[in-house]
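Below you'll find the structure I mean.
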Amino acid sequence: MTNDGGYLGVTPPISVAESTEREKEVTITLMEELRRQGTFESDEEARTRELVLGRVSALVKKFVQKVGIMRGLSEAAAIASGGKIFTFGSYRLGVHGPGSDIDTLCVVPKHVSRDDFFEVFEPMLREFDGATEVAGVPEAYVPIITANISGIPIDFLMARLALSSIPEDLSLQDDNLLRNIDERCVRSLGGSRVANQILRLVPNVQVFRDSLRCIKLWAQRRAIYSNVNGFFGGVAWAMLVARICQLYPNAIAGAIVSRFFIIMYQWTWPQPVLLKQIEEGPLHVKVWNPKLYPADRAHRMPIITPTYPAMCATHNVTASTQMITTEEFKRGADIVDKVIVGTAQWSELFLKHDFFHKYRYYLQIIASTGDADLQLKWSGTVESRIRQLVMKLEYVDSLILAHPFIKGFEQVCYCISEEEIRAVAQGEISETIAKRKKEDIQGKEGAGPVYTTTYYVGLAIEPRPPGAIGQRKLDISYPTTEFTKLVKTWEKFDESTMGIVVRNIRSSLLPDNVFDPGERQPKPAVKRVKGGKSNNTSPDMPSSKRPRTSSTPATTKDSAVKANENGTIPPIALTPVVENAGAFAPKNPSDIKSPQLPFGENVAVATGAQ
């Protein structure tokens, strides 16, 4: 896979030097820390995965054979038509951990249709020994069946090739296989083709895997691992690490991780990250090209897949998520620099994010239904649209950024009245409701469960301009109204069974379920107002004159502000405390010390910008 220059990648390496003794030492301590953090599965789990994949491979052949006979093929022809599985994602890349799923692609011949996948293969899976939680989602962008087999979660995709049989030695890297197949099959094949190509394009697969394990764990702990929310997904992180491996072909994991943070912090976006030159191919399909397509030109941090048709794996990145990711690159570079010189431990790199301590104000987005299966689909729809809310919030004056959290918080409440159901759907869960169990409502008329999934967006607000007086207000009514309208345009939306509430909430009112046990700081004691008695109305204290009970939602200035029926949030009155925007406050460029590569290494080589 080397090019004419004899190297992997689109530019020559920055350095071909071997790693130093110190880099070898920190690589040993890095691998020890990754083991301590539980990122490697046991030998027993690895054997179970191999056994399960062997059984699944036989099942896919049986499925193809069964459909062949249904289509009138002889038994011999049906058996000869084959069928094969390919893995992709973290398992194929060799960086999966305990309990992680196996992304599996079922490649079938032309007589097997997508309907057969859901109408024949899915029922076969349900009957399969050791299979549980089998669920098909035929309407997904990439149609999928999820299942758990012998304790191993597996995601099944299907690709139907224009071949009468699938040979055992089939390779998916031939672009001509993409001819005469539908777009969904092209997408399904993409994951496996990209994973295979990444492994071909790195100089040392083991160094790549060790480095990627570190970066994956770091991104997950720092809550920046989520394609749907505008951060980077697994494939994008893998391609970034692969690019650094290309630039340092003889380096080991500790050195790769160190260079990773420095180079990514200094990267001149929107310069794309490429593992190889973009190529044309046999299909009339769109290939990523910012010179030709305005949408591609708008990509902020483009990381481009190394297979035909080339696509941007990071098209969801927004101005806010770019700022957050860049800030995390800098934090990572600073910590790893200290690890190299011996003044910090690797464990500091993997410290949990501070999202729920970082902002004074948050938006709470609550999706609710009365049915577990429906909730899964409704909450997924709401989550997939949060990026649109973030992009609209970015246009609000005085908002520096809108920071989406990468997962929702699920809860089931058992309610005995319409009033309670309404309160829960709006995020008002009293202690009485929270403690109630399923058996407590059985047989009671009008009682039932309410399933909620709550998402959060942190709001970083500009400091008050010097000399400004009076109270400031933040008006986010337009973005929130547009967002609620947008989610209600879902074709399966039903006002009578699905709820969506957006509200502004102060950090002091965040629910306990967003914190780990013992993580929440005790609320600060109320300070006396200078020259007078305390009136118990500091920003973190509700007014003592208006006690909160289970039936009376808080209405003090510290209460959450709900959207009106049309989704509008009244302007938020900002207290002076908000004036510290933390890491995202405008900085004087001369005050910023940029992490630097070792002497003699030039980051401009990586972008061809010398």
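Each residue, glycine too, has its Cβ placed from N, Cα and C.
Whatever TrEMBL says is automated annotation, not expert-curated.
If you look up TrEMBL, you'll see 9-202 marked as domain 'Poly(A) polymerase nucleotidyltransferase'. Marked as ATP binding site by TrEMBL: Phe88, Gly89, Ser90, Asp101, Ile102, Asp103, Asp155, Lys216, Tyr225, Gly234, Val235. Positions annotated as Mg(2+) 2 binding site by TrEMBL: Asp101, Asp103, Asp155. The Mg(2+) 1 binding site feature in TrEMBL is assigned to Asp101, Asp103. Annotated domain 'Poly(A) polymerase central' per TrEMBL: 207-351, in sequence order. Residues or ranges marked as domain 'Poly(A) polymerase RNA-binding' in TrEMBL: 354-523. The annotation region 'Disordered' is assigned in TrEMBL to 511-572.
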Near Phe88 (ATP binding site), which residues of its chain come within a Cβ-Cβ distance under 8 Å, counting only those 6 or more away in sequence?
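When sequence neighbours closer than 6 are ignored, Phe88 (ATP binding site) has Asp103, Thr104, Leu105, Gly191, Ser192, Val194, Ala195 within Cβ distance under 8 Å.
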Quick one: Cα separation, Asp101 (Mg(2+) 2 binding site) versus Asp155 (ATP binding site), in Å?
7
Enter the number of other CB atoms within 10 angstroms of the CB of Tyr225 (ATP binding site).
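Tyr225 (ATP binding site): 21 neighbouring Cβ atoms within 10 Å.
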Restricting to the same chain and to sequence separations of six or more, state which residues have a Cβ under 8 Å from that of Ile102 (ATP binding site).
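Within the chain, Ile102 (ATP binding site) has Cβ neighbours under 8 Å at Arg49, Val52, Leu53, Thr87, Gly89, Tyr91, His96, Ile152, Pro153, Ile154, Asp155.
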Give the residue counts of the domain 'Poly(A) polymerase central' (207-351) per reduced DSSP state, in the order helix, strand, coil.
75 helix, 6 strand, 64 coil
For each of the binding-site residues (Asp101, Asp103, Asp155), count the other CB atoms lying within 10 A of its CB, then report the residue with the highest count.
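Sorting the candidates by Cβ neighbours within 10 Å, the top entry is Asp103.
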Quick one: which residues besides Asp101, Asp103, Asp155 have a Cβ within 8 Å of the Mg(2+) 2 site's Cβ centroid, in sequence order?
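Apart from Asp101, Asp103, Asp155, the close residues are Gly89, Tyr91, Ile102, Thr104, Thr146, Pro153, Ile154, Phe156.
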Looking only at the domain 'Poly(A) polymerase RNA-binding' (354-523), what is the mean pLDDT?
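Per the prediction, mean pLDDT sits at 91 for the domain 'Poly(A) polymerase RNA-binding' (354-523).
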Enter the number of other CB atoms within 10 angstroms of the CB of Val235 (ATP binding site).
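That number is 23.
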With every protein chain in view, what's the tally of Cβ atoms within 10 Å of the Cβ of Ser90 (ATP binding site), excluding that atom itself?
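Step by step: centre on the Cβ of Ser90 (ATP binding site), count other Cβ atoms within 10 Å, giving 21.
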